[in-house]
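Asker: Have a look at this one.
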Amino acid sequence: MFQKKLKQQQIVVKQSLPITPHELVYDNLSLLTAGLDEVGRGCLAGPVVAGAVILPDTISIDGLADSKTISSNRRYILAKKIYETAISWGIGVVWPKEIDEINILQASLKAMAHAATVLKTFPELLLIDGNKAIPQKFFIQFGWNFLPIQHSIIKGDASIPAISAASIIAKTFRDTLMSKLDKRYPQYNFSKNKGYGSKTHREILQKIGPSPIHRMTFKGVTSH
């Protein structure tokens with residue numbers, strides 16, 4: 001009966017949900033919940049990266065918040081605590097070539113599906129930052145035929161600990177990756193701009209053009 005309720009069910013809401021810190025009560029059942037978020041959506045270069053985190057009910061992590069509001073040093077400290085504390089965590093990555101092929105919205109949703117499907121523990125409920133549900137096709141691509149319930153929450157990364165945690169591990173993973181890519185493409189200063197469209201980054205694009213990891217369909221890249 002419980003599995004029948006969950007199978008292929010997707011729910012999208014655009015307002016705050018009646019949730020406890022780490023779980024949502026649905027039909028009087030306490031569901032194992034994963035928070036999902038993505039980072040790098042607005043970048044001109046590099047992948048979009050998503051995080052998925054299942055936190056325990058018995059342990060809280062002080063300082064969880066939207067990764068954009070936390071200093072870089074603090075993010076890495078929190079990421080370490082998340083890795084140590086989480087029941088399970090996952091990272092999903094979609095690279096620029098595919099971003100250009102399917103568009104950044106679809107790539108962001110696919111990255112979140114990827115992050116969810118690599119969790120070692122199957123989540124019964126996904127709490128997703130934003131206002132979109134993840135299409136079934138992406139879960140199927142990563143081998144899931146049994147789908148969790150989904151709730152999308154606007155600004156969930158600022159209010160839901162599991163989503164905040166997902167945001168933090170995605171951000172630190174991506175920042176570390178961009179610093180590594182800086183060694184391959186040092187002329188673009190990815191270790192500093194992380195692929196975002198800073199003034200200096202745009203000036204570099206104007207002078208030497210894009211690298212193989214730039215998003216060719218993005219206006220900030222193709223306009224140069």
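Glycine is no exception: its Cβ is also placed from the backbone N, Cα and C atoms.
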Asker: Can you pick which of D129, D175, D182 Swiss-Prot lists for the same divalent metal cation site as D37, E38?
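Answerer: Answer, per Swiss-Prot (divalent metal cation site with D37, E38), from D129, D175, D182: D129.
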Asker: Go through D37, E38, D129, our binding-site residues, and report the one whose Cβ sees the most other Cβ atoms within 10 Å.
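Answerer: The largest 10 Å Cβ neighbour count belongs to D37.
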Asker: Taking all residues of the domain 'RNase H type-2' (31-224) together, what is their mean pLDDT?
Answerer: 95
Asker: Which of the three DSSP states, helix, strand or coil, fits E38 (divalent metal cation binding site)?
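Answerer: Going by the DSSP assignment, E38 (divalent metal cation binding site) falls within a strand, counted as strand.
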